[in-house]
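I have placed the structure first, in the form of structure tokens, so that the comments after it can refer back to it.
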Amino acid sequence: MHNGSNGSVEQRDSMPETSREWWPGSLDVEILDQNAQDVGPWNGDFDYAEAFQELDYEALKEDIEEVMTTSKDWWPADYGHYGPLFIRMSWHAAGTYRTTDGRGGSSGGRQRLAPLNSWPDNANLDKARRLLWPVKQKYGRKISWADLLVLAGNVAMESMGFETFGFAGGREDDFKPDESIDWGPEDEMETWGRFNEEDELDNPLGATVMGLIYVNPEGPESTPDPEWSAQRIRKSFGRMAMNDRETAALIAGGHTFGKVHGADTDEHLQAEPEAAPIEQQGLGWHNEHGSGKGGDTITSGIEGPWTDAPTEWDMGYLDFLLDYEWEVHKGPGGAWQWRPKSDELKGVVPDAHDASETVDPMMLTTDVALKRDPDYREIIEDFRENPDAFEDAFARAWFKLLHRDMGPKERYLGPEVPEEDLIWQDPVPDADHDLIGDEEIAELKEAILETDLSVSRLVKTAWASASTYRDSDKRGGANGARIRLEPHRNWEANEPPQLAHALEVLTGIQKNFNDARTDDVRVSLADLIVLGGSAAIEKAAADAGHDVEVPFTPGRTDATQEQTDVEAFEYLEPKADGFRNYIADDPWQDWTPEEFLVDKADLLNLTPAETTVLVGGMRALDATHEQADGYGVFTDRPETLNNDYFVNLLDMGHEWDPVSEDKQHFKIRDRDTGEVKWKATRVDLIFGSNSRFRALSQVYGSGDAEEKFVDDFVDAWTKVMNLDRFDLE
């Protein structure tokens with residue numbers, strides 16, 4: 001950028017400005033920097049959970065409702081009530097979640113940051129957030145934007161007569177976009193290059209169109225085809241962890257409120273917030289049609305309300321949709337929408353801004369899809385026959401939508417947390433016994449090391465248990481010992497036969513220990529699996545000449561199969577794990593192995609340095625997958641914690657030759673003799689090829705670095721083992 005003499009900002013469109021732009025094919029290690037950097041203003045001395053508990057929660061809700069019912073001239077409320085606008089804001093804040101990789105969702109308050117703040121589907125939600133600013137300003141850091149954006153939708157529903165299922169706070173704010181999220185391959189908004197010839201949606205995406213939360217309301221590819229739309233709805237909502245019943249409840253319940261806005265075509269709209277002139281102060285979509293607000297508002301390009309009481313909870317949406325026939329036409333905004341064929345619904349809805357006028361209701365293609373698709377239709381007909389069941393289904397689905405990315409219930413804050421445990425929260429039981437102490441820990445370590453389980457097997461078992469964790473939605477991890485349950489125990493990445501033996505041995509130790517106790521001290525299998533990894537690492541370090549103690553904190557418990565949603569956990573199956581040098585035959589994404597490694601490291605909340613030291617340590621411990629067949633184990637001293645991996649990788653006495661045209665596997669040869677010394681994968685060689693990883697490898701491969709390597713490995717290992725220990729925060 002160059003500042004012109006007139007004070008304007010000139011954009012450079014073609015000249016590369018960053019290393020990534022100069023070399024776009026290089027591995028994007030930078031996404032791991034966000035796990036090391038705190039770009040917020042609190043300097044690490046702020047505990048949001050503690051601040052939230054000091055909040056006058058009921059006063060906050062009252063203030064939100066007052067804002068909601070006090071129309072402002074600069075952005076007049078439809079029907080005198082901002083409730084429907086706030087519901088849309090909350091829905092779109094949470095609705096970016098996708099279950100494939102757990103990314104997106106309401107955490108972080110990312111709707112106020114690029115790119116989400118400028119997505120076309122979020123048009124005019126900048127006004128909703130500005131309306132809430134006085135509330136945020138009043139309560140300061142006691143309420144995050146992330147919590148406020150979704151709480152506002154709950155309060156909106158309650159103010160319009162709906163009883164919600166509850167609400168939990170605890171979402172902290174981000175102050176920069178999450179660069180790890182793949183929003184799609186397109187380079188233009190409202191395009192759909194994410195489908196293949198079989199109409200299958202790319203992984204890990206949930207939305208079907210760039211810049212939209214779910215699907216195109218006009219229909220797929222702006223085609224008003226309800227049957228095709230139903231297919232897209234099912235795919236998109238399914239990727240966001242919703243089944244058919246939850247999906248139908250969300251659409252029917254959400255569309256009970258408010259209206260859509262398309263007073264004219266979008267040619268009257270100026271730039272979105274990120275591209276708007278500086279004097280607009282972060283507001284976008286300046287509208288030059290009429291007054292640019294109120295009845296002249298342009299948002300989606302579709303115009304009209306769904307029901308005759310847009311600010312009341314009732315059965316109007318289902319009654320109108322099911323009782324009347326609807327025909328497609330283009331509305332005043334130039335978009336496809338549906339109008340009633342019958343004259344009975346002519347003018348039955350008060351105008352949103354002029355009480356002397358009336359308008360007709362409308363439906364979206366996505367609404368008509370619920371009526372045309374036989375499975376959805378059966379559900380919505382049942383909802384209409386059973387209003388209480390509909391209300392309960394919507395309340396539960398709405399709660400799930402808002403909280404799906406928050407992880408287990410123990411992270412929930414506030415007085416409205418529901419008592420009921422829900423299976424999608426991945427519940428684990430409370431400990432009903434006393435925990436093991438130092439004496440018992442030492443006894444159990446000794447018992448573990450006396451078995452036939454090798455250092456490698458113990459490390460791999462602990463890693464397989466803990467590394468399912470995803471920091472994106474706080475799911476997975478060692479707590480619960482779900483590695484012994486379906487589906488985890490049969491995942492190829494976990495080497496099922498060997499895992500079964502390890503679990504059998506560890507379960508035997510657990511039983512013998514617990515049966516022998518005459519007090520209330522017991523050990524869970526979840527703790528014992530992690531402790532086995534600790535014991536193995538301590539032995540491996542000792543065998544390399546280092547005396548270390550791996551920190552261990554008991555307190556994990558064992559979940560049951562009944563507490564485990566098998567289908568939901570399938571998404572946590574590792575299709576690639578560079579730490580174990582593993583990649584499935586059918587990985588869900590067309591990435592290179594090193595890209596999978598960085599993605600996995602990011603989900604584990606690891607920094608570049610932690611990623612580097614963990615890979616080197618896992619190789620030294622011979623903790624690679626059996627599929628790897630020794631690839632990456634650059635040491636003559638396997639199962640000892642040494643830095644040979646880095647020493648041999650960086651040795652210029654070696655050269656690296658691909659063994660196949662696809663350059664997935666390599667042989668490391670002695671330059672002078674041609675002798676093959678080691679075998680490597682792309683994941684291994686990236687630590688010598690990528691400049692950032694090489695710089696870190698050189699630290700750990702130095703002559704004086706072995707002690708630092710061991711200490712850093714233990715620290716990074718302990719971090720992974722405790723990622724899901726929210727009780728320790």
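Note that Cβ sites are derived from N, Cα and C of the backbone, with glycine treated the same way.
Positions annotated as compositional bias 'Basic and acidic residues' by Swiss-Prot: 10-20.
Counted within 10 Å of its Cβ, the other Cβ atoms near R88 (site 'Transition state stabilizer') come to 24, all protein chains included. Sequence annotations record features per position, and here Swiss-Prot assigns site 'Transition state stabilizer' to R88.
Using a 10 Å Cβ-Cβ cutoff, H92 (active site, proton acceptor) registers 22 neighbours. What Swiss-Prot records for H92 is active site, proton acceptor, and it gives sequence analysis as the kind of evidence.
Residues near H255 (heme b binding site) in space but far in sequence (CB under 8 A, at least 6 apart, same chain), listed by position: W306, Y317, L364, D367. According to Swiss-Prot, the heme b binding site annotation covers H255.
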Assigned element (helix, strand, coil) containing R88 (site 'Transition state stabilizer'), judged by DSSP: helix
